[in-house]
Amino acid sequence: MMWLNRRRHNINTLQLPTKGGLGQKLLAVIMSSASLKEMRNGGEDYSNGHGGGGVRDLYGEDCATEDQLITPWTFSVASGCSLLRDPRYNKGLAFTEGERDAHYLRGLLPPAIFNQELQEKRLMHNLRQYEVPLHRYMAMMDLQERNERLFYKLLINNVEELLPVVYTPTVGEACQKYGSIFRRPQGLYISLKEKGKILEVLKNWPEKSIQVIVVTDGERILGLGDLGCQGMGIPVGKLSLYTALGGVRPSSCLPITIDVGTNNEKLLNDEFYIGLKQKRATGQEYAELLEEFMHAVKQNYGEKVLIQFEDFANHNAFDLLEKYSSSHLVFNDDIQGTASVVLAGLLASLKLVGGTLVDHTFLFLGAGEAGTGIAELIALEISKQTKAPVEETRKKIWLVDSKGLIVSSRLESLQQFKKPWAHEHEPVKSLLDAVKAIKPTVLIGSSGAGKTFTKEVVETMASLNEKPLILALSNPTSQSECTAEEAYTWSKGKAIFASGSPFDPVEYEGKLFVPGQANNAYIFPGFGLGLIISGAIRVRDEMLLAASEALAAQVSQENYDKGLIYPPFSNIRKISAHIAAKVAAKAYDLGLASHLPRPKDLVKYAESCMYSPGYRSYR
């Protein structure tokens with residue numbers, strides 16, 4: 001191991017300053033580290049067995065309590081300017097007097113000392129001064145690149161306020177302008193230029209113990225279309241939520257963008273576009289690049305690395321999930337994550353609308369990844385509850401695409417993933433006519449097209465149902481099928497409403513309605529943590545059902561009294577721990593878990609594995 005020479009220290013007998021100012025040889029520091037000994041011992045003691053997110057904690061950082069001393073090193077001892085420039089160890093003005101002496105920080109910082117709480121207060125004050133959401137996003141990204149622990153502390157403690165900043169809807173605008181706001185790479189870019197050497201590219205990433213990869217090819221970013229290489233904002237945003245909401249340590253997360261070109265003419269003609277300036281590769285060229293990527297990931301990181309596909313276009317998303325689900329630990333958030341969070345909302349809503357799932361009729365606007373994914377999971381849950389075959393339970397669910405209601409007379413012209421939803425019915429062209437014909441109790445929008453739940457559609461739903469359930473799931477806000485205010489006003493306060501993007505509470509005829517948010521962030525961080533702590537090697541539908549049921553169980557009576565079908569995000573780390581426990585339990589039950597023996601209390605174990613962003617004290 002190479003060590004950087006430090007002032008006043010001979011490189012052969014490197015001394016580390018201690019709190020009392022006396023030197024101590026590096027070997028003695030390593031050998032006497034209690035946290036490392038405890039880490040090696042493992043065992044049922046959850047505080048020492050694993051670090052945050054289930055990763056072995058090589059330096060005792062996360063096994064240590066916040067008042068225990070650690071040494072801030074990676075491959076060299078961080079000191080002075082190098083320490084301030086390392087976002088993982090930088091504490092800004094929170095360095096104590098002793099730390100400033102020990103690590104050559106005197107004069108590099110102003111004399112004031114701010115603890116982490118005061119830093120958080122100051123930064124939130126500054127963020128609230130920005131009137132443009134994109135400026136808040138950029139400020140948060142700057143913070144992440146400067147002081148990692150403070151970034152996550154801020155996000156965890158202010159999740160409801162900052163979630164729309166680091167993720168939807170603001171991340172959509174950030175992706176559109178990513179070329180202009182790009183400062184430094186936050187993940188790996190793998191383009192057609194790297195074909196044949198993807199394994200070498202993966203080895204360029206400095207972290208070796210990767211447990212979660214979020215990858216996109218940028219072809220269908222939210223409801224904004226093909227943003228090519230600029231889609232990197234999505235994996236970066238998703239993985240920041242894996243850490244903040246699911247407790248997976250940031251060093252074990254890897255954002256990746258696969259750049260095969262773009263069909264977006266505006267980007268191809270933009271001198272500031274950061275990706276390949278060519279039309280998208282398709283067919284065999286595309287398949288070979290993805291095949292090499294998937295093989296290289298498994299070779300470099302092992303069988304248990306979770307690969308989350310994000311914002312791939314329909315024609316690739318379904319194929320990739322089907323092709324690799326039997327050989328890799330893969331998860332598609334648009335298909336499976338959306339389905340799980342929506343199913344959770346439906347299960348929770350039964351307490352408000354009455355009956356069981358089989359008593360309801362579902363109509364979807366949108367038959368892409370999200371729509372068919374949700375529909376299939378609903379059918380599986382009904383099948384589980386009624387013991388009826390899934391082919392039968394699908395008949396409770398109807399889908400409308402751009403050509404109208406999906407019916408059996410259209411079977412030959414339908415894409416493969418739509419065919420299970422082609423039921424016997426005369427052709428119907430418009431959504432309004434479909435609502436009148438099918439008489440659904442639940443209307444779900446996953447079309448990516450804004451303003452499609454019109455006044456007539458909502459009024460018809462309200463005339464057919466005492467409490468119509470209306471879910472406008474498309475992101476960002478501009479693409480939502482209707483707003484919360486429209487849903488409550490047009491239904492005369494009868495609707496139970498949830499959306500994909502956040503909406504403010506609405507007052508209608510003296511009553512305050514609080515819209516729910518069917519945000520995938522409820523599911524995927526806890527789901528991923530469950531896979532990690534169990535050492536799962538494959539994802540199965542039963543795990544998704546378990547995650548949905550765990551989320552629905554977290555909705556309290558107080559939430560129901562406000563008309564909410566999702567719990568508040570302020571409790572998200574607790575919610576994620578419960579989801580992780582249920583997913584891990586299902587992995588053990590199915591024989592897909594490799595971390596043995598099975599912990600006795602999976603909720604406590606999940607909580608013990610969560611990354612904590614509090615500052616550590618340095619020797």
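Each Cβ is built from the backbone N, Cα and C atoms, and glycine gets one as well.
Any TrEMBL annotation is an automated prediction that lacks curation.
Other C-beta atoms found within 10 angstroms of the C-beta of Tyr167 (active site, proton donor) number 25, with every protein chain shown included. Annotation comment: TrEMBL describes Tyr167 as active site, proton donor.
According to TrEMBL, the feature active site, proton acceptor maps to Lys238. Here Lys238 (active site, proton acceptor) comes close to Tyr167, Val214, Pro255, Gln308, Glu310, Asp333, Phe524: these same-chain residues lie at least six apart in sequence, with C-beta atoms under 8 angstroms from its C-beta.
Residues annotated as (S)-malate binding site in TrEMBL: Arg220, Asn475, Asn519. Just so you know, the Cβ of Asn519 ((S)-malate binding site) picks up 26 other Cβ atoms within 10 Å once every protein chain is counted.
According to TrEMBL, the feature divalent metal cation binding site maps to Glu310, Asp311, Asp334. Asp311 (divalent metal cation binding site) is surrounded by 25 other CB atoms, counting those within 10 A of its CB over all protein chains shown.
Per TrEMBL, domain 'Malic enzyme N-terminal' is recorded for 144-325.
Positions annotated as domain 'Malic enzyme NAD-binding' by TrEMBL: 335-588.
Ranked by how many other Cβ atoms sit within 10 Å of their Cβ, the binding-site residues Glu310, Asp334 place Asp334 at the bottom. Each residue in Thr216, Arg220, Ile221, Ile234, Phe309, Phe312, Ala317, Asn332, Asp333, Glu369 lies on the same chain as Glu310, Asp311, Asp334 and has a C-beta within 8 Å of the C-beta centroid of that divalent metal cation site, without being one of the site residues. Within 10 Å of Asp311 (divalent metal cation binding site), judged by CA to CA distance, lie the following binding-site residues from the set Arg220, Asn475, Asn519: Arg220. Summarising the environment of Asn475 ((S)-malate binding site), the number of other Cβ atoms within 10 Å of its Cβ, over all protein chains shown, is 23.
Arg220 ((S)-malate binding site) counts 24 other C-beta atoms within 10 Å of its own C-beta, drawing on all protein chains shown.
Arg220 ((S)-malate binding site) sits 10 Å from Asp334 (divalent metal cation binding site), taking the Cα positions as reference. The two recorded residues Asn475 ((S)-malate binding site) and Asp334 (divalent metal cation binding site) have their Cα atoms spaced 11 Å from each other.
Geometry remark: Asn519 ((S)-malate binding site) versus Asp334 (divalent metal cation binding site), CA distance 11 Å.
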